[in-house]
Amino acid sequence: MRTLWIVAVWLTGVEGDLSQFGDMINKKTGTFGLFSYIYYGCYCGWGGKGKPQDATDRCCFVHDCCYGSVNGCDPKLSTYSYSFQNGDIVCGDDDPCLRAVCECDRVAAICSGENMNTYDKKYMLYSLFDCKEESEKC
């Protein structure tokens, strides 16, 4: 019950595209994205360091790198326009920064869906303290 309460409190603080990103992951993986990926491996969730643990974690590593290349807005707080058309995620913003954030999320959601077979529950709630190897460069 305590875990459910913590997740509920955390979700009330989710704004902008992080909730949108969660929605994209939900559609592409069939999972509750924010819960399934929030502390997965070394890169899914807040921060990231070390070596990605599997292909799923690598999707998050690439997503972090993509966010790092966005200029002109805060990727974690920006709200963008997108839709689902015939199972595809379509980014719809004219603003270059918002479109870039949406594209980062779109690519990561597709990657997560394509790598569901590598998702390993042993990496759920993974501690960054276990991510000791040298971090890769983007």
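A Cβ is built for glycine as well, from the same backbone N, Cα and C atoms used for every other residue.
If you take the C-beta of His63 (active site) and look for same-chain residues 6 or more apart in sequence within under 8 angstroms, you find Tyr43, Cys104, Asp105, Val107, Ala108, Cys111. Secondary structure at His63 (active site), as computed by DSSP, is helix. According to Swiss-Prot, the active site annotation covers His63 (among others), on the basis of similarity to another entry.
Residues or ranges marked as active site in Swiss-Prot (evidence: similarity to another entry): Asp105 (among others). Other Cβ atoms within 10 Å of the Cβ of Asp105 (active site), summed over all protein chains shown, number 26.
Annotation source Swiss-Prot lists Ca(2+) binding site at Tyr43, Gly45, Gly47, Asp64, citing similarity to another entry. Cβ neighbours within 10 Å of Tyr43 (Ca(2+) binding site), excluding its own Cβ and spanning all shown chains: 28. Secondary structure at Tyr43 (Ca(2+) binding site), as computed by DSSP, is coil.
Around Cys42 (disulfide bond), a 10 Å sphere centred on its CB holds 26 further CB atoms from the protein chains shown. Per Swiss-Prot, the feature disulfide bond maps to Cys42-Cys131 (among others); the stated evidence is similarity to another entry.
Sequence-distant contacts of Cys60 (disulfide bond), defined as residues of its own chain at least six apart whose C-beta falls under 8 angstroms from its C-beta, comprise Tyr37, Tyr40, Gly41, Tyr43, Cys44, Gly45, Gly48, Pro52, Ala108. Per Swiss-Prot, the feature disulfide bond maps to Cys44-Cys60 (among others); the stated evidence is similarity to another entry.
Cys111 (disulfide bond) falls within a helix when secondary structure is assigned with DSSP. Annotation source Swiss-Prot lists disulfide bond at Cys59-Cys111 (among others), citing similarity to another entry.
Sequence annotations record features per position, and here Swiss-Prot assigns disulfide bond to Cys65-Cys138 (among others) based on similarity to another entry. Residues near Cys65 (disulfide bond) in space but far in sequence (CB under 8 A, at least 6 apart, same chain), listed by position: Cys138.
The disulfide bond annotation in Swiss-Prot covers Cys66-Cys104 (among others). Within 10 Å of the C-beta of Cys66 (disulfide bond) there are 18 other C-beta atoms, taking all protein chains into account.
Sequence-distant neighbours of Cys97 (disulfide bond) (same chain, 6+ apart, CB under 8 A from its CB) are Val70, Asn71, Gly72, Cys73, Ser78. Summarising the annotation, Swiss-Prot assigns disulfide bond to Cys73-Cys97 (among others) and lists similarity to another entry as the type of evidence.
Residues annotated as disulfide bond in Swiss-Prot, with similarity to another entry given as evidence: Cys91-Cys102 (among others).
The annotation signal peptide is assigned in Swiss-Prot to 1-16.
In sequence order, Cys42, Cys44, Trp46, Gly48, Lys49, Cys60, Phe61 are the residues of the same chain, not among Tyr43, Gly45, Gly47, Asp64, whose CB sits within 8 A of the CB centroid for the Ca(2+) site.
Following the DSSP three-state reduction, the secondary structure of Cys97 (disulfide bond) is helix. The shortest Cα-Cα distance from Cys102 (disulfide bond) to any of the recorded positions (Gly47, Cys59, Cys131) is found for Cys59.
When the neighbouring Cβ atoms lying within 10 Å are counted for each of the binding-site residues (Gly45, Gly47), the highest count belongs to Gly45.
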